[in-house]
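J.: Structure provided below as structure tokens; questions to follow.
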Amino acid sequence: MCDAFVGTWKLVSSENFDDYMKEVGVGFATRKVAGMAKPNLIISVEGDLVVIRSESTFKNTEISFKLGVEFDEITPDDRKVKSIITLDGGVLVHVQKWDGKSTTIKKRRDGDKLVVECVMKGVTSTRVYERA
């Protein structure tokens with residue numbers, strides 16, 4: 001199921017993240033602090049639950065979910081969203097919806113890397129992680 005994603009991942013590169021956060025509606029000060037953070041992602045599977053923990057100097061967050069089941073999420077920038085995460089062709093597709101808006105975050109393996117693509121309207125940010 002999600003075994004290819006299981007492990008601890010450290011951020012090694014980030015492109016266009018500030019523009020993505022701006023499009024999402026994140027304020028200037030939060031964008032600056034979040035943009036400097038180098039989070040680790042810890043992904044695990046516990047029964048039929050997938051757990052994704054993000055740890056950084058900015059904020060620690062954790063979501064646990066069943067694939068295909070909508071859940072309430074509070075994002076690192078404190079948005080209250082409805083989220084649903086599915087597995088589509090080996091890609092974890094995370095859709096967040098709030099206030100008539102939506103963003104999609106895709107996680108996929110590329111060799112020994114974890115590539116996270118964040119899309120909001122026409123703005124895309126790509127963040128690359130390696131095993132920690």
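Numbers run from 1 along the shown chain.
Using the three backbone atoms N, Cα and C, a Cβ is placed for every residue, glycine included.
Keep in mind that what you see is a predicted model, and the values were worked out from it rather than measured.
If you look up Swiss-Prot, you'll see C2 marked as N-acetylcysteine, on the strength of similarity to another entry. Sequence annotations record features per position, and here Swiss-Prot assigns phosphoserine to S13 based on a large-scale study or a structure entry. Feature annotation from Swiss-Prot assigns phosphotyrosine to Y20. What Swiss-Prot lists as motif 'Nuclear localization signal' is 22-32. Swiss-Prot lists R127, V128, Y129 with the feature fatty acid binding site, giving similarity to another entry as the kind of evidence.
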J.: Just checking the modified residues C2, S13, Y20: which sit within 10 A of Y129 (fatty acid binding site), CA to CA?
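T.: If one measures from the Cα of Y129 (fatty acid binding site), the modified residues that come within 10 Å are S13.
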J.: So if I measure Cβ to Cβ from the residue listed as 'phosphotyrosine' and keep only same-chain residues at least 6 apart in sequence, which ones fall under 8 Å?
T.: C118, V119, M120, V123, T124, S125
J.: Determine which residues of the chain contact the motif 'Nuclear localization signal' (22-32) at the Cβ level, with the cut-off under 8 Å and only residues 6 or more beyond its ends counted.
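T.: Same-chain contacts beyond the flanks: 77, 79, 101, 103, 120-121, 123.
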J.: Please list the DSSP helix, strand and coil residue counts for the motif 'Nuclear localization signal' (22-32).
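T.: Result for the motif 'Nuclear localization signal' (22-32), in helix, strand, coil order: 8 helix, 0 strand, 3 coil.
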J.: Validating a neighbour-count step here. Other CB atoms within 10 A of the CB of R127 (fatty acid binding site): how many?
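T.: If we count other Cβ atoms within 10 Å of R127 (fatty acid binding site), we arrive at 21.
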J.: Averaging the per-residue pLDDT over the motif 'Nuclear localization signal' (22-32), what integer do you get?
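T.: So the average pLDDT across the motif 'Nuclear localization signal' (22-32) works out to 93.
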J.: Hey, for the fatty acid site built from R127, V128, Y129, who else sits with CB inside 8 A of the CB center?
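T.: Neighbours found: W9, L11, V12, S13, S14, K113, L114, V115, V116, T126, E130.
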J.: What does DSSP say about C2 (N-acetylcysteine): helix, strand or coil?
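T.: Assignment for C2 (N-acetylcysteine) reads coil.
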J.: For S13 (phosphoserine), which residues in the same chain are close in space, meaning a Cβ under 8 Å from its Cβ, but six or more apart along the sequence?
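T.: Sequence-distant Cβ neighbours: T126, R127, V128.
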